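Take a look at the structure below.
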Amino acid sequence: MSLRDALKTPSSEITDEAVYRDRRRLLQLFALTPALSVAGCAEADPPPPPKTVVTPAQARSGFRTAEELTRLEDVTSYNNFYEFGTDKTDPSKAAKTLKLSPWSVKVSGECEKPGSLSLDELLKGISAEERIYRLRCVEGWSMVIPWTGVPLGEVLKRFAPTSRAKYVAFTTLADPQQMPGVRYRSINWPYREGLRIDEAMHPLTLLATGLYGKPLPQQNGAPLRLVVPWKYGFKSIKSIVEIRFVEKMPETAWHDLQPSEYGFFSNVNPAVDHPRWSQKTERRIAGTASKLFAERIATKPFNGYADQVASLYAGMDLKKWF
């Protein structure tokens with residue numbers, strides 16, 4: 001399946017179709033009225049993101065939520081992607097020149113069918129899906145984002161992992177020529193993340209190729225990133241170039257840098273504070289809310305996906321295995 005095919009699902013399936021029709025009419029209006037002043041446009045409040053319609057079955061699955069979406073402009077301008085800088089606005093400025101084609105992903109380790117595949121080959125034959133997920137950053141802010149992608153488990157199955165594959169390790173591209181942040185040792189590059197095999201195979205775990213019905217922007221992890229909605233955002237590794245099936249728990253970038261602050265599992269848990277701040281509440285960046293003064297809401301265990309994933313951790317001490 002080509003990326004173009006992967007993103008053919010109409011945007012009306014992400015949000016109310018009438019909203020998209022109104023948006024198109026608005027764009028046509030602007031095109032037909034050049035006399036509209038730029039100053040007037042700048043002064044107007046941006047429209048809130050569209051509301052979504054969620055069926056009971058979708059709500060139970062966790063694949064969609066009726067919560068107010070975060071505006072596209074906020075999703076694409078407020079990012080953590082240290083390969084392009086440490087400020088929230090750095091990635092949207094510095095990542096524009098990241099070359100997305102050709103792009104290949106190497107799959108190796110404890111599997112029967114390893115290989116290096118192009119993006120089209122990796123996703124071939126797997127139907128793309130729309131998922132509206134909450135994203136909770138370990139820093140204490142959150143968003144609600146409509147993603148396009150494929151279930152990670154469906155991709156991993158085609159490599160036939162063996163019984164020794166207990167974990168899945170992921171690696172981000174680290175190219176100092178394209179990624180200015182890699183020239184500095186703020187992190188032990190390349191960026192690495194990992195999941196337990198059952199977490200990787202869980203239906204909620206998404207290999208994302210787009211958001212808001214469009215291909216992923218570079219600053220959001222193009223062309224391929226993880227979205228693991230019940231974990232803190234740094235687990236959703238971006239711009240993936242390597243996947244390895246391994247027997248032992250892999251070392252991950254933030255745990256390597258500060259193991260007392262960033263655990264391997266990093267499930268969203270309001271009962272376990274970060275050593276330097278509380279995790280009981282979060283700033284929800286949604287609608288027209290200011291990023292700095294967004295409403296604080298209570299953080300839910302597993303980011304609100306406990307019904308779907310809590311059983312994965314039955315019997316575990318979640319304060320120890322944070």
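Placement of Cβ uses the backbone N, Cα and C atoms for every residue, glycine included.
The Mo-molybdopterin site in Swiss-Prot is built from N79, Y82, E83, C137, N220, R225, S236, I237, K238 plus one of T172, T281, T299, namely T172.
Overall, the recorded Mo-molybdopterin-binding residues N79, Y82, E83, C137, T172, N220, R225, S236, I237, K238 cover a maximum inter-Cα distance of 19 Å. Annotation note: E83 (Mo-molybdopterin binding site) sits in a helical segment as assigned by DSSP. Of all Cβ atoms in the shown protein chains, 27 besides its own fall within 10 Å of the Cβ of E83 (Mo-molybdopterin binding site).
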